[in-house]
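Following: one structure in structure tokens, then a few remarks.
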Amino acid sequence: MAAGFKLAILAVACALLLATPACHCRPSELRVGYYEDTCPEAESLVRSAVTDAVTGNDDGIGIGAGLIRLLFHDCFVQGCDASVLLDPTTSNPAPEKLGAPNAHSLRGFEAIDTAKAALELACPGVVSCADVLAFAARDASYILSVGNYNEPIEFAMPGGRLDGRRSMAEDTLHGSLPSASANVTELVDAFQTKGLGVEDLVVLSGAHSARCSFFSDAGGGVGIDPAFARSVRRRCSTPEQAPAPSPAAAAAGENDEERMMSLDAVTPGALDGQYYRNVVRRRVVLGSDAALMASPETARIVRASVGRNGRWEKKFGEAMVRMAAIGVKTKLGAAGRRGRGEVRTNCRVVN
């Protein structure tokens, strides 16, 4: 009888395993406190650099939102391996940051540079750029959520990623990164391809911020309040100008002088649940945001995220950790073989 019971348990476990969608991550090889012994100051040094960049800069809110977006754009292309940070070189003139979804729109590179420089002084060659980016996105999430009506977003981010050596603009195309006009089916497919679920899609969408170039032609598309779209289009022509980047940053395809503005007119610059109230009221501009109300499943999750009860903040932290485990390169790959990663000395170039 005991043997039969064990067989039944095994059958249930196998069924659950087979029912689980394939995941493009190795979460068991990442762990919280990864640098406790090798570089105890690692996470505090990253937090200090991010705090200075977000709170001590006139455009700090944009930098904070940019760091969260930077992690998303890194992880969805070749996994979370800091490949999006690599600059063009003679041998590789078109890295990921010059891909169509990224060129002149990604932000936060300087904060990563500052954090990495501090880490190389404290513990040279130990902390990967991929982990710096993951920690930075976590810290930006907390800073942008503090002081709002909602609960602050606090979560532990595991470490242990290695940096990749491949970075190609062509890899950002062909649906790797869902477009701002994607419908709900395309969005769900893009996330499921990476081993993420429908709830992850809706929860992570709460971090959206956008440049005017994404919606300068807004005129009230499907599911969008036409009056609100017209209002945003007017405001988008005369927003605050973001500081111009250095010539080197501009050449590398980083944020240029194009102007930015918050999509959330109610709590601009805050990472909170107001986004979901805007989605329900159709006061959004991106088609991908409006699309979240197009299916019963995503609409249900949107409505469940509206309340100020800390639910969305908790879910957001959990989804960020799952996203930051996509396709990671770690010290030991399959069958104990060395993975295809490294710890860069400079996040902008391979060793």
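Note that Cβ sites are derived from N, Cα and C of the backbone, with glycine treated the same way.
What TrEMBL says about this protein:
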type	residues	note
SIGNAL	1-25	signal peptide
DISULFID	CYS39-CYS123	disulfide bond
ACT_SITE	HIS73	active site, proton acceptor
BINDING	ASP74, VAL77, GLY79, ASP81, SER83, GLU96	Ca(2+) 1 binding site
DISULFID	CYS75-CYS80	disulfide bond
DISULFID	CYS129-CYS347	disulfide bond
BINDING	PRO178	substrate binding site
BINDING	HIS208	heme b binding site
DISULFID	CYS212-CYS236	disulfide bond
REGION	237-256	region 'Disordered'
BINDING	ASP264, THR267, ASP272	Ca(2+) 2 binding site
Top Cα neighbour of CYS123 (disulfide bond) in the set of recorded positions VAL77, CYS80, ASP81, PRO178, CYS347: CYS347
Length of the line joining the Cα atoms of GLU96 (Ca(2+) 1 binding site) and the residue listed as 'active site, proton acceptor', in Å: 9
Neighbouring C-beta atoms (10 Å sphere around the C-beta of SER83 (Ca(2+) 1 binding site)): 26
Spatial separation of HIS208 (heme b binding site) from VAL77 (Ca(2+) 1 binding site) - C-alpha basis, Å: 18
Local Cβ density at CYS39 (disulfide bond) - other Cβ atoms counted within 10 Å: 18
Cβ within 8 Å of the mean position of the Cβ atoms of ASP74, VAL77, GLY79, ASP81, SER83, GLU96: remaining residues of the chain near Ca(2+) 1: HIS73, CYS75, PHE76, GLN78, CYS80, ALA82, VAL84, GLY164, SER167, ASP171, GLY327
Candidates HIS73, ASP74, SER83, PRO178, namely the recorded positions, that fall within 10 Å of CYS347 (disulfide bond) by Cα distance: SER83
Among ASP74, GLU96, ASP272, the most crowded of the binding-site residues [Cβ within 10 Å]: ASP74
